[in-house]
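> Questions regarding the structure given below will be posed in turn.
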Amino acid sequence: MQQLQRDTSLAGAMLLGLGSIIGTGAFVSIGFGYDLAGEYLLYALLLAAFVALCNGLSSAQLAAVHPVSGGTYEYGYEFLNHDLGFIAGWFFVCAKSASAAAAALGSAWLLNHYLQWPPLYVTLLAIVLLLLITVLVLAGLKRSNQVNAVLVSCAILSLLLFVGWAWQQPPAMAPELSRAPTELSDVFAAAALLFVAYTGYGRIATMGEEIRDPRRNIPRAIVATMIVVTLLYALIGITLVKLAPLTIGGDFILTKLMPAGIYHDLVMIGALLAMLGVTLNLVLGVSRVVLAMARRNDLPRGWASLNVGQTSAPAATIATAAVMMLIAAFGGIKLAWTFSAFTVLIYYSITNLAALKVRSEQRFIAKFWSVLGLIGCLGLAFMVDVNTIFVGSLLLLAGLVWHRYRLSRRG
């Protein structure tokens, strides 16, 4: 079987994680979370961060003992059974394809803020951006890493610029004058949507085949990425509660709060670059799971081929991009994000379940963390709206039917 080259360092792995998180997480999901949790946004952020940390530790544990591309899809097969392994891969592809579509649509929306094209052109622009990013990924991982470093740096600088500007402004109106009191269920629902904003560390685990010294570097990269992102999100959350009237929310809340001017334009540019970086990393990460599924014949076998230099998986990458383009063509940012939240929470439930099966002599984290992660993921998954749960359940059933059909064809 063809293997991808191990040419990604610890720093490169961290950049992959940060590039997959800082973007739609900071510029889109925090706005959705603020809509629900209001002045309790920080509590929702910390709850989402805690559940994500438990999952990150489980992912690091699994990646250290089984460092191959595919993430929980491979872990499910190795430590659980073929049905759960397939569901993990199926839901990962669905969840992250939806996230990538949301990021591409967000990038197009930001561009159109200046272009002022009709709404239809925003969708077409998102598809064009996905095409261009697919070409970049097909050019090879090393070149993608170089671009990723620039995008992550610009995103962090723009967020710090927003925070610096915000703390020079007067406080927002009193929360009690803005809307009805926030209920506990709203905080949990906000945490479910915000959870997606932390899950870029999963990209590190899905690329275990390409990271140098994976048993050492994957756990370190995941933990370091989680620390950086949690601190950054907490800073943004505190800033929003100080600054934003609770009647303002939704996607791109950071840019909505700023008046026109040089600071607004710089943050807009940072948001655009950040979301392009997220889209880049999602195309890269999802294509690796598609590659792993094709190797097991859970998806068409031809998608498992690599290029001559064994630096990219062209067929898997093209198939991945095609799914993302379809979602971008027919879905909106909020819908795609909510769907991603439900499916990715189920995915990480399987991650934690698999981590519980690692033998004692191979463990470096206590099972306690995986148990908390499993409970947290399942609990938050059913805090999203009922329609999303229904559609996700239908998709789960359709995936299992397809999986059983493929098994029957193999004899």
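Heads up, the Cβ atoms here are built off N, Cα and C, so glycines get one too.
Not my notes, these are from TrEMBL:
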type	residues	note
TRANSMEM	12-34	transmembrane segment
DOMAIN	13-397	domain 'Amino acid permease/ SLC12A'
TRANSMEM	40-63	transmembrane segment
TRANSMEM	84-109	transmembrane segment
TRANSMEM	121-141	transmembrane segment
TRANSMEM	148-167	transmembrane segment
TRANSMEM	187-206	transmembrane segment
TRANSMEM	218-241	transmembrane segment
TRANSMEM	261-291	transmembrane segment
TRANSMEM	312-330	transmembrane segment
TRANSMEM	336-355	transmembrane segment
TRANSMEM	364-383	transmembrane segment
> If we call contact 3 or more Cβ pairs under 8 Å (sequence gap 6 or more), are the transmembrane segment (261-291) and the transmembrane segment (148-167) touching?
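In contact, yes.
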> Quick one: mean pLDDT on the domain 'Amino acid permease/ SLC12A' (13-397)?
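Across the domain 'Amino acid permease/ SLC12A' (13-397), the average pLDDT comes out at 82.
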> Would you say the transmembrane segment (336-355) and the transmembrane segment (218-241) are in contact under the rule of three or more C-beta pairs closer than 8 Å, pairs 6 or more apart in sequence?
no
> Take the C-beta pairs under 8 A between the transmembrane segment (312-330) and each of 121-141, 187-206, 336-355, 364-383. Which stretch has the highest count?
121-141
> Given a Cβ distance threshold of under 8 angstroms, which distant residues of the chain, six or more beyond its ends, lie next to the transmembrane segment (336-355)?
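Hits for the transmembrane segment (336-355): 24, 28-29, 32, 54-55, 57-59, 61-62, 71-72, 75-76, 78-80, 84, 87-88, 91-92, 94-96, 98-99, 101-102, 105, 192-193, 195-196, 199, 202, 327, 365, 367, 370-371, 373-374, 377-378, 380-381, 384-385, 388-389, 391-392, 395-396.
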> Restricting to CB pairs under 8 Å, which listed stretch, 40-63, 84-109, 121-141, 148-167, 187-206, is in contact most with the transmembrane segment (364-383)?
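Highest pair count goes to 40-63.
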> Please give the sequence-distant neighbours of the transmembrane segment (121-141): residues at least 6 beyond its ends with Cβ less than 8 Å from one of its Cβ atoms.
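Beyond its ends, the transmembrane segment (121-141) has Cβ neighbours at 4, 7-8, 100-101, 104-105, 107-109, 111-112, 115, 147, 210, 276, 279-280, 283-284, 287, 307, 309, 311-312, 314, 317-318, 321, 324-325, 328-329.
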